[in-house]
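Taken from TrEMBL, the feature GTP binding site covers SER139, LYS140, SER141, ASP142, GLY192, PRO193, SER194, GLY195, ALA196, GLY197, LYS198, THR199, SER200. Sequence annotations record features per position, and here TrEMBL assigns Zn(2+) binding site to CYS270, CYS275, HIS277, CYS283. If you look up TrEMBL, you'll see 100-245 marked as domain 'EngC GTPase'.
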Amino acid sequence: MFDERAELRRIGWTSEDEQHWSWNAPPARVVINHGSVCEVLDPAAGDEPRTVSVAGTLDRTPVAGDWVLVDDGRIREVAHRRTALSRPGAAGHAPQVMGANIDTVLLVVPLEGGLNTGMVERLSVMGWDSGAQPVLVLSKSDTTDDGGAARAAEAEQLSPGVPVVPISTRTGDGLEQLRAHLGTGTTTVMLGPSGAGKTSLLNELEGTHEPVAALGRVGGRHTTTTRRLHRLAAGGVLLDIPGIRSLELSASQEAVEDVFADVARFAAECRYGDCRHSGDGGCAVEEAVADGRLPAARLSGWRKLQGEIDYRRRRNDPAAMAEVRQQWKAVSKQARRNR
Ligand SMILES: Nc1nc2c(ncn2[C@@H]2O[C@H](COP(=O)(O)OP(=O)(O)OP(=O)(O)O)[C@@H](O)[C@H]2O)c(=O)[nH]1
Ligand SMILES: [Zn+2]
């Protein structure tokens, strides 16, 4: 028998999504938006995505991860979004939502050649801003001689509140621990630089119950062009959103303050409330660096991200920025409370 709710859960439907669903027909899930048409997964119609058009009357554009009402081959409604992953808009434009209803953001940072602390800080800030739970995945732990333990401890200092999991697809190290974050009813995306090992990790997490043909092998090479929503062996799903993998998500002031809580603590003692900690008189942050209470790298990491935020603030419509931040505030507060 076709159990609708169980099938929906298999593509990431949660009880919160259900609460917000106000239409008298089951939802479908957008896996990719091509512009005037979207591919959606509709469990009642089988395992393969089907192409539907987008009604002109929608008040928001459907994106990957959205739950939508499809009628007569057309998307008629887009449901409330629990979380939204966005990137900064072009000059004068509002931020662009890339994915919706994402629970977990895997920030994949490779360990070979040492820990890139700037990357850890940047990705942590981006992760918080999405409203989802960020998890820092330190990949290729087999390239260190302690399974990544020392680097993991270092990373925990850099990104308070973000779980840190060293993994290796070569040895299988850390995969069980990671699967604990990817259970039934969770939707995950991966961010990280090219070559970090994301595709290798996805293959491990996907398990073997997927028919190989459906993975879209072109010329023997795994491609993600046909499959966008991967069912993971742990029960959850992973959305592969084009352009999101190494995406520059927007960093908000609040998220920077979360990740750089140590800098913020000293900054409270600066003479000027808007101190930039670079040559301003009476700067407590620079004093703390000078006498060794704050590592210099923390201040330079802060300057880099803060500089980008200041730049965007000047460039962008401030009202648009404020609006998204408002939208995320509630969810990220909730995420923080949950921890
Ligand atoms: N030593 C080691 N190498 C790995 C591991 N996982 C992946 N690699 C290697 O790292 C390289 C990049 O891996 P991919 O999985 O293609 O990386 P990716 O992040 O998907 O890269 P893009 O597709 O460019 O985004 C390949 O040569 C892999 O064999 C690991 O756990 N340990
Ligand atoms: Zn200062």
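Glycine is no exception: its Cβ is also placed from the backbone N, Cα and C atoms.
Apart from the site residues CYS270, CYS275, HIS277, CYS283, the chain places the Cβ of ALA267, ARG271, TYR272, ARG276, SER278, ASP280, GLY282, ALA284, VAL285, GLU286 no farther than 8 Å from the centroid of the site's Cβ atoms, the recorded Zn(2+) location.
A gap of 42 Å separates the Cα atoms of CYS270 (Zn(2+) binding site) and LYS198 (GTP binding site). Here the candidates are the binding-site residues CYS275, HIS277, CYS283, and by Cα distance the one nearest GLY192 (GTP binding site) turns out to be HIS277. Neighbour counts were taken as the number of other C-beta atoms within 10 angstroms of each residue's C-beta; across the binding-site residues ALA196, CYS270, CYS283, the minimum falls on CYS270. The 6 Å Cβ screen around ligand 1 retains SER194, ALA196 from the binding-site residues SER141, SER194, ALA196, ordered by sequence position. Residues of the domain 'EngC GTPase' (100-245) grouped by DSSP class, helix first, strand second and coil last, total 44 helix, 35 strand, 67 coil. Counting every protein chain shown, 16 other Cβ atoms lie within 10 Å of the Cβ of SER200 (GTP binding site). When the C-alpha distances from SER200 (GTP binding site) to the binding-site residues CYS275, HIS277, CYS283 are tabulated, the minimum falls on HIS277. The 6 Å Cβ screen around ligand 2 retains HIS277, CYS283 from the binding-site residues SER139, SER200, HIS277, CYS283, ordered by sequence position. Separating the Cα atoms of ALA196 (GTP binding site) and HIS277 (Zn(2+) binding site) is a whole-number distance of 33 Å. Reported as a whole number, the C-alpha separation between SER139 (GTP binding site) and HIS277 (Zn(2+) binding site) equals 34 Å. Closest in space to SER141 (GTP binding site), of the binding-site residues given as CYS275, HIS277, CYS283, is HIS277, taking the CA atom of each residue.
Neighbour density for HIS277 (Zn(2+) binding site): within 10 A of its CB lie 20 other CB atoms from the protein chains shown.
Among the record's GTP binders, SER139, LYS140, SER141, ASP142, GLY192, PRO193, SER194, GLY195, ALA196, GLY197, LYS198, THR199, SER200, no two C-alpha atoms are more than 19 Å apart, and one pair sits at exactly that spread.
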